Amino acid sequence: MSDLVNKKFPAGDYKFQYIAISQSDADSESCKMPQTVEWSKLISENKKVIITGAPAAFSPTCTVSHIPGYINYLDELVKEKEVDQVIVVTVDNPFANQAWAKSLGVKDTTHIKFASDPGCAFTKSIGFELAVGDGVYWSGRWAMVVENGIVTYAAKETNPGTDVTVSSVESVLAHL
């Protein structure tokens, strides 16, 4: 577990971008313009938020083992666990994230958003980045639960290339 637990969510001045998907355009190849959201606003407007970081859209572990769990359990998270938002964070651009979300079967972003963290700024601020080259950073594989503005769970995988343990939806469910 991280030293972020039991502390106020570290929103700072960080923002993310995502592209909304609705039932009417879920099967279309059209693309909308990205929306920019301040982390502080998202956290203040929602009582319970799950945030999970993934190294790369369309990568094998992210696409097969990590993110599908959140999509498969979304109804349970929202209806039974009263989660307001699930945010999937990568450093990929919002267009790639939207295409990835659609490829995973997301048809509505009311409760799940695929967020772009430009320059890995937010992820680096919480210490969950993954150095992949000379000054190049991706998001590590991690998960966080924020309830009423307080971090109640935060953990990062030690081997983000293959492991999906502390960042899995099952691990998050155990901490709700």
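First residue shown is number 1, and so on along the chain.
Using the three backbone atoms N, Cα and C, a Cβ is placed for every residue, glycine included.
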Quickly, which of K8, K81 does Swiss-Prot have down as ubiquitin cross-link? Just give the residue.
K81
From the list K7, K41, K48, pick out the residue that Swiss-Prot labels ubiquitin cross-link.
K48
Out of C31, C62, report back the residue that Swiss-Prot marks as cysteine persulfide.
C62
Kindly assign K81 (ubiquitin cross-link) to one of the three DSSP-derived states: helix, strand or coil.
coil
At a 10 Å cut-off from the C-beta of S2 (N-acetylserine), count the other C-beta atoms across all protein chains.
16
Nearest of the recorded positions (K113, C120, K156) to S2 (N-acetylserine), judged by Cα-Cα distance:
K156
